[in-house]
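Structure record follows, encoded as structure tokens.
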Amino acid sequence: MTSPSAPSSAERPRLPGALDGPRLAAAAAEHGTPLWLYDAATIRAQIDRLRRFDVIRYAQKACSNLHILRLMREEGVHVDAVSEGEIERALAAGYRVGGDDEPIVFTADLLNRSTLRRVVELGIPVNAGSPQMLDQVGRAAPGHPVWIRINPGFGHGHSRKTNTGGEHSKHGIWHEHLEESLALVDRHGLDLVGLHMHIGSGVDYGHLESVCETMVKQVRMAGRDIRAISAGGGLSVPYTPGDPEIDTDRYFELWDAARRELVSELGHPVRLEIEPGRFLVAGAGVLAAEVRAQKPVGSNYFVLVDAGFNDLMRPAMYGSNHRVSVLDADGAPRASDARDTVLAGPLCESGDVFTQVEGGDVEPVPVPRTDVGDLVVFHDTGAYGASMSSTYNSRPLIPEVLVDGAETRLIRRRQTVAELLAPELEPGPALSPRPSRDPR
């Protein structure tokens, strides 16, 4: 079989913004591999593409590092939190609570007791994805500000596991139960801020138009004098060559037409929010890993790197594709002929493979020939990379680095094994020793 050609310099994925090969290699040498790197200018450029919306509300679950959150806040971006921990992250990053512009909104499909106490204490608006949330908030704090997140009966997503609407999605209040939810709002005197619909459409503008029409229909059915609507998130990112780039102006214009229709009916301004996550940060981030082994296995050729799905979960969970490039230890690109390669990690887990499709089938991809010590760069990993990482196989969390113009700074140091073990070694109730079995 003839080896495929390596991508030309024009086809080779580019590092984001001010990040180049030598800077990446220098960061890897200083902080070790694997590590995450983000480019601040790329994030700012993505924010600017959405400035026509009244409120950009960052879905911090995409990348919740405090330094990224501070960057968002400095750019005037508001934040969405989906857990008590994310509320505390937003506060630690300098977000305030209160005010008409609602810097922090809490979105979920349930409220545990601790989080309920915290949102009530802080007065954070709750975007409710179940009727029980409305009832629980109302009992704890009559008059509390709320949104209603509606599941309109259809959905969209790049994977079945990311579909956020329809009867197979847990998210949102089923559209046929809107009246029941409004009755709870009335019973507890809750302050209904607006309606939220997180469906996403990517570049399917016909689908997006249907989503916008459904929002107008739901507001009419509600018959309430709301102050805002939220378009949710779901803006697509071109992960692979040939993926179309989303037209953010067209996206806004479709939503703005829906908003203007509501303004004419309600007789006052209606705030239009959007809730992007990966759109803002995916293209700004890369994961750099070192080649540690390579071997033929039957008809496949494996290159093994020191990052695993504990670091980058998306390929194993969704079958997601991330473009890769290869640099030598000094940061120069490898430009040799490509070879069909299976890229895999160090975990004691058969599914620890980066080149697989949804369902788990291994799919070799053309990769320039590598040497042990080279750096493999996984592109467009700024979203749902570090924030979804784990300590599986007792592997500590890895560093994060932010490149901002000429400055390169560490924004999360590498976790130590001692820190990983600490919660299990802290003083607690003494355990009665169990007798050892006689090995004979």
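Cβ atoms here come from the backbone N, Cα and C positions, even for glycine.
Less than 8 angstroms from the CB of Cys348 (active site, proton donor) sit Asn393, each of them six or more residues away in the same chain. Summarising the annotation, Swiss-Prot assigns active site, proton donor to Cys348.
Annotation comment: Swiss-Prot describes Gly234, Glu275, Pro276, Gly277, Arg278, Tyr384 as pyridoxal 5'-phosphate binding site, evidence class sequence analysis.
Annotation comment: Swiss-Prot describes Arg278, Arg314, Tyr318, Glu349, Tyr384 as substrate binding site, evidence class sequence analysis. Neighbour density for Arg278 (pyridoxal 5'-phosphate binding site): within 10 A of its CB lie 25 other CB atoms from the protein chains shown. Look at Arg278 (pyridoxal 5'-phosphate binding site): DSSP puts it in a helix.
Per Swiss-Prot, compositional bias 'Low complexity' is recorded for 421-431.
Taking all protein chains in view, 18 other C-beta atoms sit within 10 angstroms of the C-beta of Lys61 (N6-(pyridoxal phosphate)lysine). Annotation comment: Swiss-Prot describes Lys61 as N6-(pyridoxal phosphate)lysine, evidence class sequence analysis.
The region 'Disordered' feature in Swiss-Prot is assigned to 421-440.
Neighbouring residues of the recorded pyridoxal 5'-phosphate site, listed in sequence order and excluding Gly234, Glu275, Pro276, Gly277, Arg278, Tyr384, comprise Ala59, Ala62, Gly233, Leu235, Phe279, Leu280, Ala383 (Cβ within 8 Å of the Cβ centroid). A helical conformation is recorded for Tyr318 (substrate binding site) in the three-state DSSP classification. Taking CA atoms as the reference points, Pro276 (pyridoxal 5'-phosphate binding site) and Lys61 (N6-(pyridoxal phosphate)lysine) are 10 Å apart. Closest to Glu349 (substrate binding site) by Cα-Cα distance, out of the recorded positions Lys61, Gly234, Glu275, Arg278, Tyr384, is Tyr384.
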